[in-house]
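J.: Sharing a structure, written as structure tokens. Questions coming.
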């Protein structure tokens, strides 16, 4: 099941998918640490836009009108979500300023989180492109297996080169359980994404992950007690709306 076809370039694309996937998830986890969960997830899930653009530039997949609208809408949404005063007059941002002050106090490296989330999105786009190039030549489990194996090796290498990192010094049993649960759920998610990308366009298949954004907002509200401003919802809607409409339209 885990054999890669020797003919063609399948091995190259399995390797590329593993490397791009590692960097995508790494930047995603960094952004969650540096900024509120819901905002990090919304920015990271511009990945359908990244996937569509990468496949348009490198894979000769056409961009439909709705996908082009999605790209420009997402750009505006990112600005409203991260720096709304660029577009919206200051007198309408009283609530947003209050929320932003709280975020800046709790997350002093908020801007680095923005960059990390968007970098994760870009690398995700290249990972989707790699899976599209593989197509149905390999079992979906192969993508997940080699991605997980490569990520494990690269993670230990990262710990070895970053100064001051001790892998097990501050991990308790609760953290071990959460790490195992994260890995298990991540594996299930990767299996589903790999299977979807064998039969659907990259941008459309990636957009189905948007349910995670809703869950992230609920988690921020219920577990982390964060108050979201109206610009958070507006920016998120602009980022998600048209791509989600495109996904639903293709279902009928």
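Cβ from N, Cα, C; glycine included.
Residues or ranges marked as domain 'EamA' in TrEMBL: 13-82, 112-247. Among the features that TrEMBL reports, transmembrane segment is placed at 12-33, 39-58, 65-89, 109-131, 143-163, 175-194, 206-224, 230-248.
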J.: If you count Cβ pairs under 8 Å, which stretch among 39-58, 109-131, 143-163, 175-194 touches the transmembrane segment (12-33) the most?
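T.: Selected stretch: 109-131, with the most Cβ pairs under 8 Å.
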J.: What else in the chain is close to the transmembrane segment (109-131), if you only count residues 6 or more beyond its ends and a Cβ gap under 8 Å?
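T.: Here the qualifying positions are 13-14, 16-17, 20-21, 23-28, 30-31, 33-35, 39-40, 43-47, 49-55, 58-59, 78, 82, 103, 143, 193-194, 197-198, 202, 205-206.
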